[in-house]
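Read through the structure below, which is laid out as structure tokens, and then see the notes.
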């Protein structure tokens, strides 16, 4: 089974992917992890990816698709949940074609919808340990001591990415990038919308209801 998760920043895609991994045995697919792996191997492909990322540029579709297909060649029979992939129509078409050639397909796409107000509320409350990277949230996962990491005792900071003006820009970018993909999968009748404002457990139960029908 192949599942794709879409959703704006703060919608909890990564959390849902981890739950599917822990409870249902899915492989949590992340292009970021794949890029880091290729870079660590110092492969020709990894060096190309590194060059783009170091210059703050988007990695071109043809390179992303090659990295993804290299991974899928050995793993396409696994249950996979795609988190943050595909990001463009060419990537979506390449994924469909790759799976079709192996008598497989994307079974479900879930769009976790969240109001702009809720996105801002969730992300502006996020705090990160400047030393170990542990993540906290002032709404539901507070540290035991204010602004101090439970794990290592270092200070917690708010990342620039989590400041309101930056979040609003990220939301605009998300909708611009994702709308064509939503339309693409809606035409295939395998896109399901879930109200992310209802919280993590509700979203997970809705995903499970669909995939276990």
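Cβ from N, Cα, C; glycine included.
In TrEMBL, the region 'LID' annotation falls on 125-162 of the listed ranges 87-124, 125-162.
Range 30-59 is the one annotated as region 'NMP', of 30-59, 180-209 (source: TrEMBL). Here the domain 'Adenylate kinase active site lid' (126-161) has Cβ contacts under 8 Å with residues 167, 170 of the same chain, all six or more residues outside its ends. Using CA atoms as reference points, the binding-site residues 132, 149, 152 were checked against residue 126 (ATP binding site), and the closest is 149. When Cβ neighbours within 10 Å are tallied across all protein chains shown, the highest count among the binding-site residues 12, 14 belongs to 12. Within 8 A of the CB centroid of the Zn(2+) site residues 129, 132, 149, 152, the other residues of that chain are 130, 131, 133, 134, 150, 151, 153, 154, 156.
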